[in-house]
Amino acid sequence: MGKVIGIDLGTTNSCVSILEGDEPKVIQNPEGARTTPSVVAFKNGETQVGEVAKRQAITNPNTVQSIKRHMGTDYKVDIEGKSYTPQELSAMILQNLKSTAENYLGDTVDKAVITVPAYFNDGERQATKDAGKIAGLEVERIINEPTAAALAYGLDKTETDQKVLVFDLGGGTFDVSILELGDGVFEVLSTAGDNKLGGDDFDQVIIDYLVSEFKKENGVDLSQDKMALQRLKDAAEKAKKDLSGVSQTQISLPFISAGENGPLHLEISLTRSKFEELADSLIKKTMEPTRQALKDAGLSTSEIDEVILVGGSTRIPAVQEAVKKEIGKEPHKGVNPDEVVAMGAAIQAGVITGDVKDVVLLDVTPLSLGIEIMGGRMNTLIERNTTIPTSKSQVYSTAADNQPAVDIHVLQGERPMASDNKTLGRFQLTDIPPAPRGVPQIEVTFDIDKNGIVNVTAKDLGTNKEQNITIQSSSSLSDEEIDRMVKDAEENAEADKKRREEVDLRNEADSLVFQVEKTVKDLGENISDEDKKNAEEKKDALKTALEGEDIDDIKAKKEELEKVIQELSAKVYEQAQQAQQQGQEEQGSQDSTVEDADFKEVKDDEDKK
């Protein structure tokens, strides 16, 4: 097998690495830098990628940054009369990294391991694979960024068992994963995160502050000026980086705008304490997934042996302090947060090619997967934090008599109701032979491959007819959706429980109506017209109640119908017992006559003797 490169496709910066011997090596780009800005620019039909594209972003409106935030969505960028998808733009960045690796190796590269945030959903993972394909790369593996970081950190530490927390705050995404390392096995215990939180947001709070201060002083709103905003973005990013090393920085942007009396200049001094005040809510947002990951792993902070910081945003002193305070441990400083993920990807590439031996990586799926069932509920087949690859099957049936098809609504999330979770896809299994409800057996199978990509199959066990779908979602998970999936599951536990009970009640009532109809039909003439009429009335009353929203009324009507069916069952049972008893008496009478005859016959014989 040829060389397989490791790529960290980041929101703000990307990095490429290769395994040399048994050590991962980061490859410098033509400018001599070890990371490449994830920026693409178009000018007069020419495409520019990296530092050269970033440098002219202020003057060129056809510059695209942070496209990773739109992966897996239907977002498009219109430039010079052409629409570009996030996959196409990401492919341009990947092509640049591929070229960097080829120049270094002096050989063609066509295989790669690419990293993604652990909390990327299936559509986002698929989009990343597609970007690789467009770039001319066969994506051997999609690997989670925190897992890759742990591989790079722990490759030479496999003799001792330890539990590691990876805190990955990148340019546009945030992940936290907990792994157990030992005997060459890297097992992910849990993962949590936020796909819409990263360094860009820290830049934005500085931009908002600068816009606000400038407006107070000059009465001009810079947020309406695209070129001014780009200059502010560059200045904010630089100030953020400066404040990781110094306690105060000067932001100076001459000729940022113009007023009635001529040019206006922006001159603001920003202190580290002011920046920390502005970014406080963002830092707090990283703590909730950290606690969630610990909870899901079943670990306390004292059981964590090492904390690894990944991503450029972890250089912010306030972030480091927050992690230290939360975990009670000084973060490990032995890895480069900008390069460690790409290095881990190169190690995984080495595992695939066989160059790295005795290393086993066990990753997990970040969110639960299931399908919608009767009553609008989500039935979970694969729980979040399940080790992948994995497969799980469950048998379902039809909800109506002679139902010719079933709709399979594939969901991802943690809430009990389907509508509160993320739709990954829908497909239909048709040509189900006519049969009473509950009789057909439909086996639904979820397969998650090593890349975390989902394949769902539905099979009619009666006919062996099969239908499947590989999830290719067209929309990403927003902050609100992720909150609904994970955090709201706990916050709305009581409301969820009530809705779950309501759905269960409706399903039980619906099943009871069907049972009564079947029982009355089966009994036929064995029940009186009066009993039949009473059962029909109570059944119709429950059906009417089910059409309404009054839960207490449904419960009351259900109890009345249950009482009726119990009485019917009791009567039928009594009739059956009476019939059986009568049959036994008749049989007993016949048996008795036979015994008398035998007895007399014996007696006659004795008399003759």
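Every residue, even glycine, has its Cβ placed from backbone N, Cα and C.
What you see is a predicted model, and the numbers here were worked out from it, not measured in a lab.
Annotated compositional bias 'Basic and acidic residues' per Swiss-Prot: 525-542, 597-609, in sequence order. Sequence annotations record features per position, and here Swiss-Prot assigns compositional bias 'Low complexity' to 574-587. Per Swiss-Prot, phosphothreonine is recorded for Thr173. Annotated region 'Disordered' per Swiss-Prot: 525-554, 574-609, in sequence order.
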Intrachain residues whose Cβ lies under 8 Å of the compositional bias 'Basic and acidic residues' (525-542), provided they are six or more past its termini: 509, 512-513, 516-517, 519, 554, 557-558, 560-561, 564-565, 567-568, 571-572, 575
Thr173 (phosphothreonine): tally of other CB atoms within 10 A of its CB: 27
Residues in the compositional bias 'Basic and acidic residues' (525-542) grouped by DSSP into helix, strand and remaining coil: 16 helix, 0 strand, 2 coil
Helix, strand or coil at Thr173 (phosphothreonine) [DSSP, three-state]: coil
